[in-house]
Amino acid sequence: MWSILKAVRENPEILYESQRRRGLSVDIVDRAIELDRKWREELKRVNQLRKRRNELARAVKEAKGEERAKVIEEAKAVSEEVKRAEEELKRLEAELEEVLLSIPNIIHESVPVGKDDSENVPIKYWGKAKVYFEDVDAFVEMTQGMAEYEVTDVKPIGHADAVEIFGWADLERAAKVAGARFYYLLNDLVWLDFALTMYALDFLRKEDFTIVSPPYMMRREAYSGVTAFSDFEEVIYKVEDEDLYLIATSEHPIAAMHMREVLEERELPLLYAGVSPCFRKEAGAHGKDTKGIFRVHQFNKVEQFVFCLPEQSWEWHEKLIENVEKLWQGLGIPYRIVNICTGDLGIVAAKKYDLEAWMPAQAKYREMVSCSNCTDWQSYRLDIRFAEERGKPSKGFVHTLNSTAIATTRAITAIIENFQLEDGRVEIPRVLRKYLEPIESAPKDFIMPAKSQ
C-alpha cells in the first residue's frame, strides 16, 4: 500500500505532524480521511447491492407467474441503483486520489524544522578553505568554528568575471544569440567540462551504476509522475504544439524509465548514472547570479538514481551522499554537507542533503549537489511496484532516490575560485588529468588565460 494512503487509514498523526513541521495546513489530511471514509462506505454499499443483484438474477430463473414479474421489477430497480452507486464510488475515488496526490511526502524525523534555506543545518565540513584575511571573522562565525581554513592575502577573481576576463567563455554573444543565462564555453573550459563528466561516470561505473544517456524530452504523463507538475511546469521548457518537455535533469526520464512495471525483488536495487544536458527556465531566480555560468538555462550534469526496496532506501540515501563526498574530495574542493530544513525541502523528497562548495571569491558556500530520498512519492505516481517474481502479487511500491554527482558548470566555477593563481592560471585537479592526457590539444596541468595559450 502507498505510504500516504496507509497513513490516512492507520496512523494519520504521521501526516498531521509532517504537515505541521512543513508549516502547512492539516486541512488536506482531514479532507483525505473524510473522503476515504466515504469511499469505503460507498464501496461496502456497492458490494451489497451487487450481491443483491446476483441473488435476484438467480431468483428470476426460479420464480413463476406474478412472483416472477415482481422479482424482475426489483432486479431492474437494484441494477439501476448499482449503476448510480458505482458512479458515486468512481467520483469519490477520483476526488480522493486528487486529494492524496496533493499531499507532500512524509518528512523524515531527522529533517530540521525551518522556514527557508537560511535555516538549513550544516552537519559536516571537509577540507581547508582558503579565506581572504578580510573574510576570516565572517567565515568563523558562519562555520561556528567547525571548518578548517587558511588565511590568504590575495582574493581570487570571482568566476563570473574570470571566465570573461581570461577568455574562457563568451556570455555577451550568447546573450545576443539566445538571451540571458546562456553561454559559449571556449577551449580549456570545454575540455574541463568533458573531464568532469568522464570523472563522475568512471567513478560511478566502478560503483556498479549502469550508465544511461536518457531521452532529452518527456511527455506530460511521465513528467507528472516524477514531480509536482503544476508547480514545476514554469521551470521547464515545452516544445510548441507537441506533448513534449525538455528535461530539467536526467533524474526525471530515469525515474520514469520503469513506469507501469513490476520489478523483481532480486534485481533491486537498480543503480543508474544519468548523463545529459539539463534545460531550466530558472523562474524565480530573477536577480540571482545573473553573471557567469553558475545559474544558467542549459548545463551538463551526471546524476545518480536508485530504485530500491523500501527497507533499503535510508541506507542508500547515505550511500549516495557518500559517493558525492568521494567525488568532491577527489577534486580537492572544500565543502560542507547541509541537512535541508522543512521550509526548503519541496514536496517530493522526504529528506534532502545538499553539498555546498566553498567559493573564496564570494566568501560563502554555494550549492553544488542535491541528494534526495523520495521514498514512494514518485513510484506511486509512476506505478512502479516490486514483487517476489513477475507474475506474483505486488508487495508494494519501490523507493526512488536521486543525487547530483557533478553539475559541470557549477563544478567549473568552484575550480576557478579554489585553484586560481595570481597570474590567472587555474590548476586542474589531479584526478581530472588522466582524462585529458590522451588528448593532445587538451590542457594538462593548468587552464591558461586565453592570451597565454
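Cβ atoms here come from the backbone N, Cα and C positions, even for glycine.
Small disclaimer: the values here were computed from a predicted structure and weren't measured.
The L-serine binding site annotation in Swiss-Prot covers THR249, SER250, GLU251, GLU303, THR404. Classification of THR404 (L-serine binding site) by DSSP places it within a strand. Counted within 10 Å of its Cβ, the other Cβ atoms near THR404 (L-serine binding site) come to 25, all protein chains included.
Summarising the annotation, Swiss-Prot assigns ATP binding site to ARG280, LYS281, GLU282, VAL296, GLU367, MET368, VAL369, SER370. VAL369 (ATP binding site) falls within a strand when secondary structure is assigned with DSSP.
Each of the binding-site residues GLU251, GLU282, GLU303, GLU367 was scored by the other Cβ atoms within 10 Å of its Cβ; the lowest score goes to GLU282. Among the binding-site residues listed here, namely SER250, GLU251, GLU303, THR404, THR404 has its C-alpha nearest to that of GLU367 (ATP binding site).
Within 10 Å of THR404 (L-serine binding site), as judged by C-alpha distances, no binding-site residues are found among ARG280, LYS281, GLU282, VAL296. VAL296 (ATP binding site) and GLU303 (L-serine binding site) are 18 Å apart (CA-CA, integer value). Using a 10 Å radius centred on the Cβ of LYS281 (ATP binding site) and all shown protein chains, the other Cβ atoms total 15.
With every protein chain in view, the residue among the binding-site residues VAL296, MET368, VAL369 whose Cβ has the most Cβ partners within 10 Å turns out to be VAL369.
The DSSP secondary structure for SER250 (L-serine binding site) is coil. A coil conformation is recorded for GLU282 (ATP binding site) in the three-state DSSP classification, outside any helix or strand.
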